[in-house]
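Quick look at what Swiss-Prot annotates:
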| type | residues | note |
| --- | --- | --- |
| DOMAIN | 102-224 | domain 'MPN' |
| MOTIF | 173-186 | motif 'JAMM motif' |
| BINDING | HIS173, HIS175, ASP186 | Zn(2+) binding site |
Amino acid sequence: MSIRDWPAAERPRERLLEQGAISLSDAELLAIFLRTGVAGKSAVDLARHLLRRFGSLRRLLEADQLTFTRQLGLGPAKYALLQAVLEMARRHLAEKLHRQSALENPLVVRDYLKSMLRHEPHEVFGCLFLDTRHRVLTFEVLFQGSIDSTTVYPRQVIKRALAHNAAAVILCHNHPSGICEPSPADRVVTRRLQEALELIDVRVLDHFIVGEGDPLSMAEYGWI
């Protein structure tokens with residue numbers, strides 16, 4: 001049965017408009033994105049099929065172009081649309097982050113860093129550069145490593161902090177394994193960067209590790 005033949009109260013789009021997006025399941029949200037189904041499957045049926053194939057909504061959203069476009073009911077146009085939606089979401093978070101102090105908006109900081117790093121298949125190290133009022137100046141990815149590790153050079157971090165006239169920084173990197181627990185090497189690198197940046201009067205406010213779930217704040221655990 002086509003979704004158009006469903007009672008209005010059960011149709012995903014109508015329910016979203018009436019009750020808000022939060023009331024919908026992953027399959028229903030994906031069905032709205034898909035708009036139409038395929039022969040023998042409504043958009044909701046197709047969405048459920050795709051979620052089973054990928055294992056989760058996150059894995060579907062982070063799939064590369066080749067993997068995505070090979071799936072039933074998907075293609076280059078849908079992939080382009082998805083990338084546009086994801087980029088708009090990242091830019092929305094970036095705008096929210098730039099409007100006020102990062103310390104006043106810790107949840108936005110977490111969401112932004114998660115959107116920037118969680119999809120990376122290899123370990124990536126980045127930095128949020130902040131002004132004297134802890135407003136975000138810019139975000140930069142500084143180092144990229146293998147799937148297991150990355151080499152972080154304090155001299156390069158200092159160089160970029162000076163280039164942006166930063167007064168403070170928030171460090172971040174991802175764990176492609178999904179486990180957010182900091183390794184001994186993570187703690188060593190954090191201490192080295194703290195010591196190096198202190199020489200130019202730049203404070204390290206936090207170091208976030210991005211994996212599955214919410215990013216881990218080393219500052220909250222007393223490791224900074």
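A Cβ is built for glycine as well, from the same backbone N, Cα and C atoms used for every other residue.
For the Zn(2+) site, the Cβ centre of HIS173, HIS175, ASP186 serves as reference, and the other residues of the chain with Cβ at most 8 Å from it are GLU123, PHE125, ASN174, CYS180, PRO182, SER183, ILE209, VAL210. With every protein chain in view, the residue among the binding-site residues HIS173, HIS175 whose Cβ has the most Cβ partners within 10 Å turns out to be HIS173.
Sequence-distant contacts (6 or more apart, same chain, Cβ under 8 Å) of ASP186 (Zn(2+) binding site) comprise HIS173, HIS207, ILE209, MET218. Broken down with DSSP, the motif 'JAMM motif' (173-186) shows 3 helix, 2 strand, 9 coil. Each residue in the domain 'MPN' (102-224) gets a DSSP state, and the totals come to 40 helix, 34 strand, 49 coil.
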